[in-house]
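*Asks:* Would you mind keeping the following structure in view while I ask a few things?
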Amino acid sequence: MSSYLFTSESVSEGHPDKVADQISDAVLDAILTQDQRARVACETMVKTGVAIVAGEITTSAWIDLEALTRKVIVDIGYDSSDVGFDGATCGVLNLIGKQSPHIAQGVDRKKPEEMGAGDQGLMFGYATNETDSYMPAAIHLSHRLVEQQAKIRKKKNSPLSWLRPDAKSQVTLRYENGVVSAIDAVVLSTQHAPGIKQKDLIEAVREEIIKPVLPAKWLHKGTKFHINPTGKFEIGGPVGDCGLTGRKIIVDTYGGWARHGGGAFSGKDPSKVDRSAAYAARYVAKNVVAAGLADRCEVQVSYAIGVAEPTSISVTTFGTGKISDDKIEKLIRKHFDLRPYGIIKMLDLVHPMYQQTAAYGHFGRKPKEFSYLNGEGETVNATAFSWEKTDRAAALRADAKLK
């Protein structure tokens, strides 16, 4: 019998790196609301008393970057010097420039379907049937823990009013013969107000944050709980650590279970294949698994800057495929257009839906329909997390001739 442990972690929306991610994606959303053809590469750094927003942006839109940055910080919960960071009074430094015209000449085409990739690179997508979200269980549970922390913290008349925005989670699972059998260890560290006793904090976190999230069937007498194991966690957020866009790429994806091409997501418009192709690869892998072609599937795509067609598409199902990996790859090429324009059209990506992806994972979330007013004052309907749909599973299964 095969037995092993696997661990994944997540961080809350108040973690400094995630504050930076959310600011970068808020800038992207504000621009896409007015200009769907914009080119955006926005990076943010947050540290004590200041947010620095930099990058390369080419757009016809105008946004109030300072007000936008402050709103994101305050909405997260950094709204007072008592918390250590105040979005209303912190400095905001704008260091945004224009994108190189040499990149534009390689990406833009007269025919939109011939649009070239915004950069070279390799991207991975992954899916597994071990959870309803088609995500690895450890990262799924880690996300839900810090999501619950924020939910309780922001709740009106919260029973845990002393919670602060910064938090981290970690879940270690035991696998028996490739299937989750138990939770071996849980780590939950949360920033808190001064004066809370460690004993009270541990009890409250277990009851209000951990218990509602973790499946009882996987808990046992030997499960280890590490709640604020260092003791006090009063200094957090951008005061405790410098935050940067793009530093939580494993949290953003599959918690270390699948491979990663190295490119971050936040602050990048859909012409950047670092983001859009990673979303497309997840969409492909999820539909392959949802179709029953495999229990696990990892898809890799790669691109050359200025070139529309992917330089490679490869698939592995780790021995779980119901048909060969070669046949699955042929089906992928037939059913999915993985050129940059094809991805943007397939997933309808040129809409302001990215700030909500910047915390609690870009994958494993439910597709969410929404509407917004564009720059012309017209109402536009769109779907966030469109890459989580399984709308091509039936066609894949039929074409694979599986009963």
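Positions of Cβ are set from backbone N, Cα and C atoms, glycine also.
Look at Swiss-Prot and you will find HIS15, ASP166, ALA167, LYS168, LYS232, PHE233, ASP241, ARG247, LYS248, ALA264, LYS268 tagged as ATP binding site. Positions annotated as Mg(2+) binding site by Swiss-Prot: ASP17. Annotated K(+) binding site per Swiss-Prot: GLU43, in sequence order. Among the features that Swiss-Prot reports, L-methionine binding site is placed at GLU56, GLN99, ASP241, LYS272, with the record citing sequence analysis. Swiss-Prot lists 99-109 with the feature region 'Flexible loop'.
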*Asks:* At the level of the C-alpha atoms, what whole-angstrom distance separates ALA167 (ATP binding site) and ASP17 (Mg(2+) binding site)?
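*Replies:* Rounded to a whole number, the Cα-Cα distance is 12 Å.
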*Asks:* Provide the three-state secondary structure of ASP17 (Mg(2+) binding site) computed with DSSP.
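*Replies:* For ASP17 (Mg(2+) binding site) - judged by DSSP and reduced to three states - the answer is helix.
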*Asks:* Kindly state the mean pLDDT of the region 'Flexible loop' (99-109) in the predicted structure.
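*Replies:* Reported value for the region 'Flexible loop' (99-109) is a mean pLDDT of 61.
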*Asks:* Max Cα distance spanning HIS15, ASP166, ALA167, LYS168, LYS232, PHE233, ASP241, ARG247, LYS248, ALA264, LYS268 (ATP binders), Å?
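*Replies:* Output for ATP binders HIS15, ASP166, ALA167, LYS168, LYS232, PHE233, ASP241, ARG247, LYS248, ALA264, LYS268: max Cα distance 36 Å.
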*Asks:* Hey, which of the binding-site residues HIS15, LYS232, LYS248, LYS268, LYS272 is the loneliest by Cβ count within 10 Å?
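*Replies:* Comparing Cβ neighbour counts within 10 Å for the binding-site residues HIS15, LYS232, LYS248, LYS268, LYS272 gives LYS232.
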*Asks:* If you count the other Cβ atoms within 10 Å of each Cβ, which of the binding-site residues ASP17, GLU56 comes out on top?
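*Replies:* Selected residue: ASP17.
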*Asks:* Please name the residue among the binding-site residues GLU43, ASP241 whose C-beta has the most neighbouring C-beta atoms within 10 angstroms.
*Replies:* GLU43
*Asks:* How many Å lie between the Cα of GLU43 (K(+) binding site) and the Cα of LYS272 (L-methionine binding site)?
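*Replies:* Pair distance, Cα basis, whole Å: 14 Å.
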